[in-house]
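J.: The structure under discussion is supplied below as structure tokens; questions concerning it will follow.
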Amino acid sequence: MSASSLLEQRPKGQANKVQNGAVTQKDTLNDDEFEPYLNAQPRQSNAYTAMSDSYMPSYYSPSIGFTYSLNEAAWSTGGDPPMPYLASYGQLSNGEHHFLPDAMFGQSGALGNNPFLGQHGFNFFPSGIDFPAWGNSSSQGQSTQSSGYSSSYAYAPSTLGGAMIDGQSPFAANEPLNKAVGMNSLDQGMAGLKIGAGDMAPKVVGSGLPGGPLSQVSTAPTMPPASMAPAKTASWADIASKPAKPQPKLKTKGGLGGTNLPPPPIKHNMDIGTWDNKGNMPKPAAPQQTSLPTNGQPPNQSSPQPGATAGGVPQLPLSNGQLVPPTGQLVQHPLPPGGQPGAVPPQLSQGPPASQPSQPTRWVPPRNRANGFGDAAGGPGQSPPNSGMGGITVPAEPHPVLEKLRMVNNYNPKDFDWNPKHGRVFIIKSYSEDDIHRSIKYNIWCSTEHGNKRLDAAYRSLANKGPLYLLFSVNGSGHFCGVAEMRSPVDYNTCAGVWSQDKWKGRFDVRWIFVKDVPNSQLRHIRLENNENKPVTNSRDTQEVPLDKARQVLKIIASYKHTTSIFDDFSHYEKRQEEEESVKKVEVQGSDPYSNNSSRSHYRMQDRQGRVK
């Protein structure tokens, strides 16, 4: 083995005795001559300097080796003041820079008194080794005390053989070289939040280092980073996921307990858009705390068509069969001094709004009859008491006109013959329920000019051989309101003068048999072959129904157990008729009935509400 090959295998940093020249034959040595140097002095420093220089021994690294292995050294806890940042540059035995106190000025030349070996710089004395103490204090307290200076002047532990200068805690023995300066302090702090101080003890420098020469110790810490990196990454992921875990628990407790803030919005959102919500009911009900005056008033305030009450809040029938005026008819009336708007919401909240979802698209009767326009209609037993209705004028007894009509006529008979052998049946479409009320009251009817001719011809054709039944329905109401029998031919020269519109001419007598509200859903399955096979509910005025289909319709109407009828609103329509008559008296005195804008809008509103939507 040549000397040049031996020089290449020497540890890094050892000086070559033959510099700047070729190796001659006389300089060649045997292998066994280097054994004492390679085996006996592995720990000595290789930086030899001339002893004649009084400054060099103390200024640079000491020329003597350490007398103990570095794996016995305690990791500095930073108990000493962070002095190394005031030191000047020097070099350790492995060739890396470090900071040491300047021994040139104000320091003794003896190496025994040099801070390099006095525990101030390295704390190399094995006495007081306490690894668990490092885990408790370094990760939580000491890293914050010395990180102000030590993190800026510390170097990788691989360059110091696993030792730390002046208790600088930011670097561990397994610190990767590519990690930013000071990141170890952050890792230790975050890891301490997760696994505590007891699990940090295995990361102490001395635990994973072999007890060998300095050159071997310096390479040992380079292996653990590969295995320790996943553990740190896992701790970061666990810590990041911790804040998200309590969130579902808080929501669950809030929904079950009902005492936190989330339940009120949930309860509020459940009420919004549902028909059981009574929060919006008092708004239209407040102005109805008054009775209708009987003196003359503008028609636009008092007598709109029944369709004008679609937006109003219907009321349930009272126990005595009478109903209070609907809200849609009394919105413009002033509130009397004795009215109590606050008493209305409890009464309105008791009504079951069964069919309200479909009301905005069709005509709605003015009272609580709207609750019965469905297959699952509520019974009259659901009507609220009238004790809390405030200033509403409620008749104590049924209307006298209605009582007289019921005594004279046997409405809704149980022994009705719905299967006549001969007869004819026609559909009657009314523009308003006001006209239905007056037809029941006066037992008369009048259709259009074309309708009168058709009905008159049909009546005469029967020649009393069979009945002629009329199935009444208000345009857009969604139900049939009754059945009447035509009892006389049409008198074209007579004008009744009782209809809500004065454009009707002619009159014929009728007798009302059934007065009940039957929903279209009960009759929609019956189709008419003489009307393009359309349902009987989709018919025009004076549309004739074939006798076989008419028997089905009459049977359903006769057997249907109704819950509402126009009788529930009879008092209401009586008041409307009185108001219209008072308006007509003013017109007779010489004023143009259409000169007043309010009167004109009133009649237009009636026409609009009477049309089929």
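The backbone N, Cα and C atoms fix where each Cβ goes, and this holds for glycine too.
Per Swiss-Prot, the features are:
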- LYS429, SER430, TYR431, ASP435, TRP445, CYS446, ASN475, TRP499, TRP504: RNA binding site (BINDING)
- 16-27: compositional bias 'Polar residues' (COMPBIAS)
- 218-234: compositional bias 'Low complexity' (COMPBIAS)
- 295-307: compositional bias 'Low complexity' (COMPBIAS)
- 345-360: compositional bias 'Low complexity' (COMPBIAS)
- 578-587: compositional bias 'Basic and acidic residues' (COMPBIAS)
- 604-613: compositional bias 'Basic and acidic residues' (COMPBIAS)
- 423-557: domain 'YTH' (DOMAIN)
- 1-43: region 'Disordered' (REGION)
- 2-397: region 'Localization to mRNA processing bodies (P-bodies)' (REGION)
- 215-234: region 'Disordered' (REGION)
- 244-396: region 'Disordered' (REGION)
- 398-613: region 'Interaction with m6A-containing mRNAs' (REGION)
- 578-613: region 'Disordered' (REGION)
J.: Tell me, roughly as an integer, the mean pLDDT over the domain 'YTH' (423-557).
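T.: Across the residues of the domain 'YTH' (423-557) the model's pLDDT averages 95 on the 0 to 100 scale.
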J.: Is LYS429 (RNA binding site) helix, strand or coil when read with DSSP?
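T.: In three-state terms, LYS429 (RNA binding site) counts as strand.
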J.: Which of TYR431, TRP504 has the fewest nearby Cβ atoms, counting only those within 10 Å, among these binding-site residues?
T.: TRP504
J.: Taking 10 A as the limit, how many CB atoms besides its own sit near the CB of TRP445 (RNA binding site)?
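T.: That number is 28.
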J.: Which state, by DSSP, holds TRP445 (RNA binding site): helix, strand or coil?
T.: strand
J.: What does DSSP say about ASN475 (RNA binding site): helix, strand or coil?
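T.: The three-state answer is coil.
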J.: Of the residues in the compositional bias 'Basic and acidic residues' (578-587), how many are helix, strand and coil by DSSP?
T.: 10 helix, 0 strand, 0 coil
J.: Using DSSP, how many residues in the domain 'YTH' (423-557) fall into helix, strand and coil?
T.: 41 helix, 45 strand, 49 coil
J.: Taking the residues the record says bind RNA (LYS429, SER430, TYR431, ASP435, TRP445, CYS446, ASN475, TRP499, TRP504), how far apart in Å are the two Cα atoms that sit farthest from each other?
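T.: It comes out at 17 Å between the most distant Cα atoms.
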